[in-house]
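For reference, the structure is listed below as structure tokens.
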Amino acid sequence: MADKEEQRTKKTKNSPSCLGYPISIFFIVVNEFCERFSYYGMKTVLVLYFKYFIGWDNDFSTTIYHTFVALCYLTPILGAIIADSWLGKFKTIVYLSIVYTIGQVILAISTIHDITDTNKDGTPDNMTFHIAMSMLGLMLIALGTGGIKPCVAAFGGDQFEDHQEKQRSTFFSIFYLSINAGSLLSTLITPILRAHECGIYSKKSCFPLAFGVPAALMVVALIVFIAGHKMYIVESPKGNILLRVMKCIGFAVKNRFNHRSKQYPKRQHWMDWAEEKYDKLLIAQVKMVLKVLFLYIPLPMFWALFDQQGSRWTLQATTMDGNFGSFIIQPDQMQIVNPILIVMMVPIMDSAVYPLIKKCHINFTPLRRMTVGMLLAALAFVAAALLQIQIDQTMPNFPSSSQAQVKFLNLENTSLPVVVGGQEPFAVPGFDSSNEYMTLDTENVTISAGGKNTTAYFQKETRHTVLINTDGIRQTLNDITEKPNQGMNAIRFVNGFRSHLNFTIKSDNLGPIAPLQGSGYLNVSHGKVNFTIVNEGGQTCHYILQLGFGSSYTVLIPSNFSFGESCTESIKAIQDVEPNSIHLAWQVIQYFLMTCGEVVFSVTGLDFSYSQAPSNMKAVLQAGWLLTIAVGNIVVLIVAEAGSLPEQWTEYLLFASLLVAVSIIFAVMAYFYTYMDPREIEAKFMELEPEDKKKKALEMTTKDNLANENNETSDNTDIKQTKI
């Protein structure tokens, strides 16, 4: 064992370095940047691939997506076992990166629609092939990306000498910076690549390019990592560590249970009951691992809040105004704020904030940093809750589960009297709708429009616009009962003209709409939108409507409409749902707080996990750290589904309160935690190991001698009995 340590020290001293850092970490950081670009770039457009290429609905696409992400955070356990038990970190990274690369290539191939498009109509003729290829690719990617997760950071830490703790800590910051730089660029670039149209026979959304570039980056990551193999410090695996640890723990529990009587003296630690069978060095290493894993128990709550940036916060962004003047930010693009702030905050924290705190003689230990990070994340959710309250005040009053809402649209040029359910009559102006929705508590209601009575049925929790003229009710349109998704705008048309009209928005043709009838909704993005109206004779009229975010319009073509230069003057756009009025920039506050929390929590946690881990179990602890992320996502499902809170802001406050409570528990645990130097502890027990082995060997010899004497006595007794 001492020879191995000596060999490692010599190799470390002879390894090339630059500015006090091993040159080998350059290859590791570049590898991580390319791998994260590959992963996040692929993941950014994955759901769109499921929905628009394969044709799955929203629910099933989401299910497959989250199943894939869950696998990516569960397979690190397998990668850690392989690295620490059999192959070592270097070979594990190389072999699983090859698997990873093959998976990315297979996934990219599965997106080429021309492979099975035999009739050249732009639609694959054998969708089973594409689904099978994509699922195979995703499984290989999940195995690859998850398998190398716990190994790369730990392998980077192995490149530093024992006295380079400061450089190693900086490396983890640079390492985390490379992760966010890769995710930032890929989140920006791959959606642009997908938006292009490509194909051999027919042009479609360019998923092959959107997935092909991440595959190419994974090839680069593999080549760069292998290129530095001569400079790496490669430690050999220590055997099947996980199995030995589990057996050691199992024996300690069993032995303690068998000696639970008061006649047996208590031992300092319950793991000491394994001393009868296992070396003190292994027992000491297990104690260190259990000590750190115990601290991991509260950590998933942080990730439960952090991962909602891609779900709850994105949904919140769909109800906000993303117009920044010279450019437009879509709701799902707000997630870019996190990696942008990470790239800015990591150097600031390392070069300015931490040194300043140290100069103020404040003992800002790693566990205290992590506690502060958790509190900052909770504060971010308080900011999200306050913002949600402001948004809710601007939201329409949609019907509850026991109500229905109705308003009327008059297709005549004169006002019409309307009576609903025996209430006071009111007049609806010509070519207009009543300004407010009426709330109904009953599903069946008698409506009098234009002097004609009709019994109408309105299902609870729905909204309707009733088209009326002098003949009574012409049609009942179903209105939206929530803001359009992703900041889109819901547009529909009502033909009050006396002939069929055809409506076209860009390349979308709604088909002919009959007189006194309305169309369904069409989702349109922000900005100036040109609508083309064509009559049966081929005459056209172009109408431009300026759209914001999250609005709903009913465009009414009145009976006095006429084609010509002034055709747009009589068209009326009725606003059913107002556009978002709270600006998206307000979300930057909660993103800033969450990013500060992430920098303080996550970067520190990586360094802490490495520094407190035994030499032969570092990858296992890295896998345990990643496992807290998977558990955090499960916490989101439990709280969000089981809570069923009526208001979104109350759910934000619930998560914030839970994290504050967990932070207090973690702070108490951190207060009683004693920092360890695993190298010193292992060195101490390695010095005692030969004596322990001699002692155990002597004890075993004594037991064997006693056993032999007992056997001889037994044999002599048998001889005497035989003689008798």
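Any Cβ shown, glycine's included, is placed from N, Cα and C.
The shown structure was predicted, so the numbers you read here are calculated from the model rather than taken from an experiment.
Annotated compositional bias 'Polar residues' per TrEMBL: 703-716, in sequence order.
According to TrEMBL, the feature region 'Disordered' maps to 700-724.
Under the heading transmembrane segment, TrEMBL lists 62-81 (among others).
Feature annotation from TrEMBL assigns transmembrane segment to 93-115 (among others). If you look at the transmembrane segment (93-115), the same-chain residues 6 or more away from its ends with a CB under 8 A from one of its CBs are 35, 38, 42, 49, 53, 79, 82-83, 87, 122-124, 129-131, 133-134, 136-145, 147-148, 151-152, 155, 199-202, 204, 207-208, 210-212, 214-215, 218-219, 221-222, 225-226.
Remote same-chain residues near the transmembrane segment (127-148) are listed as 35, 39, 42, 49, 53-55, 68, 71-76, 78-79, 82, 92-93, 96-111, 113, 115-116, 626 (criterion: CB distance under 8 Å, separation of at least six residues from the stretch ends). What TrEMBL lists as transmembrane segment is 127-148 (among others).
The transmembrane segment feature in TrEMBL is assigned to 169-189 (among others). Outside the transmembrane segment (169-189) by six or more residues, the chain places 21, 25, 28-30, 32-41, 44, 153, 156-157, 160, 213-214, 333, 335-336, 338-340, 342-343, 346-347, 349-350, 599, 602-603, 606-607, 610 with a CB less than 8 A from a CB of the stretch.
The transmembrane segment annotation in TrEMBL covers 209-228 (among others).
Residues 245, 249, 271, 367, 373-374, 377-378, 380-381, 594, 597-598, 601, 605, 609, 612-614, 617, 620-621, 624-625, 628-629, 631-636, 639, 655-656, 658-659, 662-663, 665-666, 669-670, 673, 676, 678, 681 of the same chain, all 6+ positions outside the transmembrane segment (288-306), place their C-beta atoms under 8 angstroms from a C-beta of that stretch. What TrEMBL lists as transmembrane segment is 288-306 (among others).
Look at TrEMBL and you will find 336-357 (among others) tagged as transmembrane segment. Cβ atoms under 8 Å from those of the transmembrane segment (336-357) belong to residues 170, 173-174, 176-177, 180-181, 183-184, 187-188, 309, 364, 587-588, 591-592, 594-596, 598-600, 603 of the same chain, restricted to positions at least 6 beyond its ends.
What TrEMBL lists as transmembrane segment is 369-391 (among others).
Long-range contacts of the transmembrane segment (588-608) within the same chain, counting only residues at least 6 positions beyond its ends with a Cβ under 8 Å from a Cβ of the stretch, are 153, 168-169, 172-173, 175-176, 299, 302, 305-306, 309, 313, 334, 337-338, 341-342, 345-346, 349, 366-367, 369-370, 372-377, 379-381, 383-384, 387, 622, 625. Taken from TrEMBL, the feature transmembrane segment applies to 588-608 (among others).
Here TrEMBL flags 620-640 (among others) as transmembrane segment.
Within the same chain, residues 288, 291, 294-295, 298-299, 301-302, 304-305, 308, 312, 365, 367-368, 370-371, 374-375, 377-379, 381-382, 384-385, 388, 612, 639, 643, 645 sit at least 6 positions outside the transmembrane segment (652-676) and bring their C-beta atoms closer than 8 Å to a C-beta of that stretch. Positions annotated as transmembrane segment by TrEMBL: 652-676 (among others).
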